[in-house]
Amino acid sequence: MQLKFYKYQGTGNDFVMIDDRENRHHLSAQQIQQLCNRRFGIGADGVILIRNHEKMDFEMVYYNSDGSQSFCGNGSRCALAFAEFLGIYEHQANFVAIDGEHTGKSENQLYYTKMGDVSDVEIGKDYMFINTGSPHYIIWKEDLSALNIINEAHSIRYNERFKAKGTNVNFVKELPEGVQVRTYERGVEDETLSCGTGVTAVTLAQAVKHNWKDSVLKIKVEGGELNVSFEREGNFFKNIWLIGPAEFVFEGTINL
Ligand SMILES: N[C@@H](CCC[C@H](N)C(=O)O)C(=O)O
């Protein structure tokens, strides 16, 4: 089969995008892995299909590079950029993903995704664990440059608690003007240059740690910069927005 694809990236988190408005492409895990393979395929952290939806502007179907499914924050911002290119919406869109309904918008070449509300923050002795559409384990470090991220992340991702379903692991360094974050992603099973649900979880963790009521946090990731804004009522976080760039890289066709 010849498959037309578009490649997008959001702060270096990269995706193969497929216009599947006619719901014709049902890809196996092996096909997803082939598309994402950086030597034998196109190369990406994940694959996103854009489908028509009865009530919403579109549906976003996301796969990690190993073929597993979850919600992807940066992927949703790239989906907004791709849906805008396809002429599905102008300025503001409603879409559905695996974790439920979202609103998105495009403003001044930035793409905004409204994330699901969060009411559950697990606070451990030296970590926090928060689900922002995907599960995120968060640890603070003095220095991220010397971090052996794969070794440290594996000791959490493959421990007794997480080995079956996995977890994403975020390492956070507090900066005077925000935070720096490096993320190991389950489903890619490697560090990615940026993780949208990860930086959202980190922002809420920072809010709990420093007792913020509402804020906009500037987050430096390996592939650029993201912002997350939120409002908080006790342990309930709402009106959470993930904000950043999303860009077209190239397009082509591939034999599957
Ligand atoms: N890169 C993503 C997160 C994708 C999902 C994650 N790997 C998981 O399976 O939990 C993002 O930008 O949120």
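Note: Cβ is positioned from N, Cα and C throughout, glycine not excepted.
These features come from TrEMBL:
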{"type": "BINDING", "residues": "Asn13, Asn64, Gly73, Asn74, Asn168, Glu185, Arg186, Gly196, Thr197", "note": "substrate binding site"}
{"type": "ACT_SITE", "residues": "Cys72", "note": "active site, proton donor"}
{"type": "ACT_SITE", "residues": "Cys195", "note": "active site, proton acceptor"}
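Shown here: features listed in TrEMBL, placed on the structure.
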{"residue": "Asn13", "record": "substrate binding site", "Cβ contacts under 8 Å, 6 or more apart": "Asp45, Cys72, Asn74, Gly75, Cys78, Thr192, Leu193, Ser194, Cys195, Gly196, Gly223"}
{"residue": "Gly73", "record": "substrate binding site", "Cβ contacts under 8 Å, 6 or more apart": "Thr113, Met115, Thr132, Gly133, Ser134, Cys195, Gly196, Thr197, Gly198, Val199, Thr200, Leu242"}
{"residue": "Asn168", "record": "substrate binding site", "Cβ contacts under 8 Å, 6 or more apart": "Ser134, Pro135, His136, Tyr137, Thr183, Tyr184, Glu185, Arg186, Cys195, Thr197, Gly198"}
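If you draw a 10 Å sphere around the CB of Thr197 (substrate binding site), it holds 30 other CB atoms from the protein chains shown. Comparing the recorded positions Cys72, Arg186, Cys195 on other C-beta atoms within 10 angstroms of each C-beta gives the minimum for Arg186. For the recorded site, Asn168 (substrate binding site), the DSSP three-state label reads strand.
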